[in-house]
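According to TrEMBL, the features are:
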DOMAIN    A:24-355  domain 'PTS EIIC type-2'
TRANSMEM  A:36-55  transmembrane segment
TRANSMEM  A:67-85  transmembrane segment
TRANSMEM  A:91-123  transmembrane segment
TRANSMEM  A:144-166  transmembrane segment
TRANSMEM  A:172-192  transmembrane segment
TRANSMEM  A:225-246  transmembrane segment
TRANSMEM  A:258-276  transmembrane segment
TRANSMEM  A:283-304  transmembrane segment
TRANSMEM  A:324-346  transmembrane segment
DOMAIN    A:390-479  domain 'PTS EIIB type-2'
Amino acid sequence: MLTETPVTQNSKSSPSIRARIQAGGGFLTNMVLPNIGAFIAWGILTALFIPTGWIPNETLGSMVGPSITYLLPLLLAITGGKMVAGQRGAVMGAIGAMGLIVGSDIPMFLGAMIIGPLGGLLIKKFDRLIENKIPAGFEMVINNFSIGILGFLLMLVSFSFIGPVIESANQFVTSAIEALVATGFLPLLSLINEPAKVLFLNNVIDQGIYYPLGMQQTLEAGKSIYFTVASNPGPGLGLLLAFTFFGKKVSRRTAPGAIIIHFFGGIHELYFPYVLMKPLTILGMIAGGMSGIATIQLFGAGLVAGPSPGSIFAYLALTPNGSFTGIILGVIVATIVSFIVTSIILKLDKKPEVEEELTNSIEKSKAMKSEGKNILNSSEDVSNQSSGVEKISFACDAGAGSSAMGATTFRKKLQKENINGIEVKHYRIEDVPKDSDIIVVHKNLLDRTKMSFADKKIISIENYIGDPKLEDLINELKG
Amino acid sequence: MLSKHLESNVVFSKRVSSWEEAIKVASEPLLNKDFINQSYVRDMIENVHKYGPYIVIMPGVAMPHARNEGGVIKTGISFLKLDTPVLFPEEKEVGIVIVLAAEDSSGHMDLLSDLSSLLIEEDIKYKLENAQSEEEIINLIKMVE
């Protein structure tokens, strides 16, 4: 114990605040990432089948709207609710999101990401409140009706709340853009455009403000820059490229696919989830958007009509002679700037990402401390997991009853099968030795065990005696 | 060992109203002999509320117990057999309730070992479930001890 190095101690105890901030960021990421696949499916569908898509098809295209209105927000809300309160939270999240979805006329991504966890939290608090107070036999009824009634209320609240919110957001965006246009310094528009796009207010600004302005200008000058201010595919491309090179895990692997759908298909929604999981990257989008507008303005370039969808092909098709340099450079510069800024953000963010693992190791070191184990022994010997099982630990709350019963029964079975050299003991959950090869615990206690022993092989059983999983284990040990 | 501990600690009951009731009835012999006090009974029930019915160690058999936080005065064990099984949470039917009171975490190991030998044998478990008297149960235990 004396040789325990203070260095590891410090590095493990200090990041608590950073780790907590990181936990918030990780939360968003975890809510979005599992659902990227659905975004991609929707993106492909949209790029192909909408009227301006590659192979327009009215029948198949009819899935586009409902998918982005219902499927994607619901998935986000379900994942968010589930992360807070398991399956019950997921149900609550979905119910709450439904109020938002129907109550608004734009896809409710951000709203779903708020209402999902909120619904989860609500049911979690309620469950805590009535814990131990349910008369026996009424658990099912109460569990279902608590979700039913609370969900019903949440639905009403979110439904009546969201309409006014969206309306005032629209009004704010519209008047802000009008004020900015009045200044004549167009790059500033990105300050509003980029956040508004991610919040699905892009149609409001594009079709409500920029296209009318653009058409007016086109009548006089034959082209307009207003068609490009919010539809430039460059910033999104830069962002996705940055994720491709510097993103983590799944986000890194999915970004290239998203690029194709975004840049060539013009479905900008594909980059939204990446911004939503690392909100700071909106800075990269703004910087990219600004530099794109500045470049196009510098060259006096413009498009002849609103590019929809905003793909590079639509851009080139709508570029009048003489504007090609400006438009192409505008896209390229926007891409590069957004790539650089986003990369820096992702790079800076990397440290906390490592801390995700660090947080785990804090948990681990806590567990070790509580059992008074030497930290120096912490070199995980994952090596002998499948082959040489030497220590099986049965765990329960008291560490004296059911776990002991399970352990002694299991020892007898091993004896009967003539399997030697395996230590089978029973412990309180928090006292389970770090070097156990396998931890056996009742399924009701699994979550608690996982918290302390995330990296261990844990077998969860229903019965301490004669559980089929224990029979399987015996057979495994025999072989 | 086990048979000695169970002497005059076996209760038969036709039916009980709830699993909480079952734990209370099963605890009575130990309470009467001052092996445990009321707080231990509360703890055992609380445990199930908190962690679910993990004390149902195999189908039909519950072994309520808790950490000894002053509620256990002396290590002991008692046995309740119900004619009509009672439902524990998660719809688990239980006909045998074995209250385990352990003073510390080691002194009762041989009791558990005997108990395990008893329950591990299907036919003995079956006989336990159909026993009509304490004598019958004690004799069964003596067979495996």
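Backbone N, Cα and C define each Cβ position, glycine as well.
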Verify whether three or more Cβ pairs under 8 angstroms connect the transmembrane segment (A:172-192) with the transmembrane segment (A:283-304), leaving out any pair fewer than 6 apart in sequence.
yes
For the transmembrane segment (A:67-85), the distant same-chain contacts (Cβ-Cβ under 8 Å, at least six residues beyond its ends) come to 27, 30-32, 34-35, 38-39, 41-42, 45-46, 91-94, 96-98, 100-101, 107-109, 111-113, 115-117, 119-121, 123-124, 127, 269
For the transmembrane segment (A:91-123), sequence-distant contacts whose Cβ falls under 8 Å of one of its Cβ atoms, 6 or more beyond its ends
27-28, 31-32, 68-70, 72-74, 76-85, 146-147, 150-152, 154-163, 166, 198-201, 203-204, 269, 272-273, 276
Recorded stretch that, among A:36-55, A:144-166, A:172-192, A:324-346, has the most CB pairs under 8 Å to the transmembrane segment (A:225-246)
A:324-346
In the same chain, residues at least 6 away from the ends of the transmembrane segment (A:324-346) whose Cβ sits under 8 Å of its Cβ atoms read 228, 232-239, 241-243, 245-247, 278, 280-281, 283-285, 287-296, 298-303, 312, 315-316
In the same chain, which residue numbers or ranges, 6 or more beyond the ends of the transmembrane segment (A:172-192), come under 8 angstroms Cβ to Cβ?
201, 204-205, 208-209, 213, 225, 229-230, 285-294, 297
DSSP helix/strand/coil residue counts for the domain 'PTS EIIB type-2' (A:390-479):
39 helix, 22 strand, 29 coil
